[in-house]
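**Q** Per TrEMBL, the feature transmembrane segment maps to 99-129, 136-154, 174-193, 223-247, 259-279, 300-327, 339-363, 375-394, 414-438.
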Amino acid sequence: MPLIIVVLGVMLLLLLVTVVRLNTIFSLLITSVAVGFAMDMPAVDILQSVETGASSTMGQLALLLAFGSVLGKLMADGGAAEQITTVITTVFGKKNLPWAMVLTGFLVGIPLFYNVGFIVLVPFVFMVCASNKLPLLYIAIPLLAALSVTHGYLPPHPGATAITLTYKADIGLTMAYGIVVAIPAIIIGGPLFGRTLKGIPTNPPPELFPEQNPAHRRQLPGFALSLFTGLFPILLIAIGSFSYLIFPDGSSWLTALRFMGDPVVALMIASLVAMYTMGIRQGKSLRQQSESVEEAIRGITLILFIIAASGVFKQILVDSGVAIYIAELTTELSLSPLVLAWLIAGVIRLVIGSASVAGLTAAGIMLPIVKAGAVTPELMVLATGAGSLMFSHVNDPGFWMFKSYFGLSMKDTFRSWTVMETLVSVTGLIGVLLLHWLGY
């Protein structure tokens with residue numbers, strides 16, 4: 001019965017958004033409350049889930065989106081993004097830009113959370129496409145496939161690390177196997193799949209990513225300064241993440257670097273740096289910079305509320321206990337432990353929407369099998385992580401963030417984002433099974 005309710009809930013949401021044409025925020029909230037009552041949740045618990053879902057989803061993400069949007073706007077106005085994309089195009093060539101995005105997403109995705117990488121790098125995608133007259137998804141999907149895979153498979157990301165610790169797997173070996181599995185998954189889900197999406201129309205918010213007027217020529221900042229400004233938050237976050245390797249616990253240096261390496265703080269500092277390098281240094285006043293900041297934040301208001309409402313839907317599904325119900329059903333199947341871990345994580349992801357919840361729930365269920373020594377724990381981490389990426393759709397805040405940023409219809413978001421996530425998940429499982437077959 002819970003699965004039927006979830007399916008009906010998703011159908012109701014799609015009906016409200018695509019047929020009734022009701023505002024997405026209202027559609028998500030109405031569906032969330034309806035599913036909560038259908039699951040026999042008390043009204044008080046539903047209200048609590050609404051508050052928890054909205055606040056937990058928006059907690060850090062609101063400031064991340066705000067500062068990320070500000071940084072992208074300042075770099076676009078200052079000419080940094082145009083300078084960087086010009087050099088990237090010259091070095092890699094227009095034909096190889098999807099592969100350049102794969103490399104960028106993979107390298108940046110290792111130290112950064114997915115949301116942070118998305119917010120920092122998507123402005124570059126828009127500038128690359130505007131400068132070279134390329135379809136947005138053709139360039140964006142390779143980048144996001146790389147970000148998604150590194151987030152799902154590889155420590156030190158929280159989800160992958162938590163699964164690694166649950167299974168007591170070796171982190172170094174998990175990363176080594178993960179890179180081997182990640183490469184074909186990224187290639188198939190990224191550049192190869194991206195070629196099929198060239199015809200999908202996109203309509204991104206103009207406030208966030210204004211197209212450059214080719215007739216308007218201006219003096220661009222130097223490439224080194226432009227690159228420094230764009231990578232500055234990534235540098236701060238990476239230093240904060242790995243500073244423990246140099247400084248002992250309790251060190252004031254360690255505390256300071258970790259503080260500056262917090263994603264919100266790093267993006268805030270980077271935005272202030274960009275106000276100087278892309279504004280004041282070019283003769284712009286603080287008032288002009290403030291106007292750009294306000295315009296950037298106005299452009300993400302609707303996106304913020306859509307993501308908050310999607311977090312409510314996810315939380316209702318989590319609090320209703322449907323994940324436990326699914327786990328009990330799937331554990332009765334006679335399958336390889338690797339396939340079973342992937343399947344449990346995938347089904348929970350499909351129903352709940354949260355990759356972290358899916359991965360950790362599946363890991364807890366499969367832990368006794370790993371302890372019995374039936375399978376390599378490092379491969380179990382990768383199988384579980386791959387399953388947790390499966391079939392992202394309307395109950396996943398990432399689905400709505402992608403849809404909103406690229407201005408896609410529901411149908412085209414399923415055709416692009418959902419299929420990409422499914423491809424990297426299935427390809428990841430195949431890679432894990434091949435490693436197992438080879439004796440690893």
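Going from the start of the chain as shown, residues are counted 1 onward.
Glycine is no exception: its Cβ is also placed from the backbone N, Cα and C atoms.
For each feature listed, report its degree of burial, its nearest neighbours and the pertinent distances within the displayed model.
**A** Note on the transmembrane segment (174-193): residues 98-99, 101-102, 105-106, 141-146, 148-150, 153-155, 160, 164, 378-379, 381-382, 385-386, 419-421, 423-424, 427-428, 431-432, 435, 440 of its chain, located 6 or more positions outside it, place their CB under 8 angstroms from a CB of the stretch.
Below 8 angstroms of C-beta separation, residues 71, 75, 78-81, 83-84, 87, 108, 111-112, 116, 120, 124, 156, 253-254, 257-263, 265-267, 269-270, 273-274, 277-278 of the same chain, each at least six residues beyond the ends of the transmembrane segment (223-247), sit close to that stretch.
When Cβ-Cβ distances below 8 Å are used as the criterion, the transmembrane segment (259-279) is approached by residues 60, 63-64, 67-68, 70-71, 74-75, 77-80, 112-113, 116, 119-120, 221, 225, 228-229, 232-233, 236-241, 243, 286, 288-289, 292-293 of the same chain, each at least six residues removed from its ends.
Residues 10, 13-14, 28, 148-149, 152-153, 159-160, 163-164, 167-170, 173-174, 177-178, 181, 185, 310, 313, 336-339, 341-346, 348-350, 353, 355-356, 358-359, 362-363, 366, 369, 400, 414, 417-418, 421-422, 424-426, 428-429, 431-432, 435-436, 440 of the same chain lie 6 or more positions beyond the ends of the transmembrane segment (375-394) yet place their CB under 8 Å from a CB of it.
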**Q** Ranking 99-129, 339-363, 414-438 by Cβ pairs under 8 Å to the transmembrane segment (300-327), which is first?
**A** 339-363
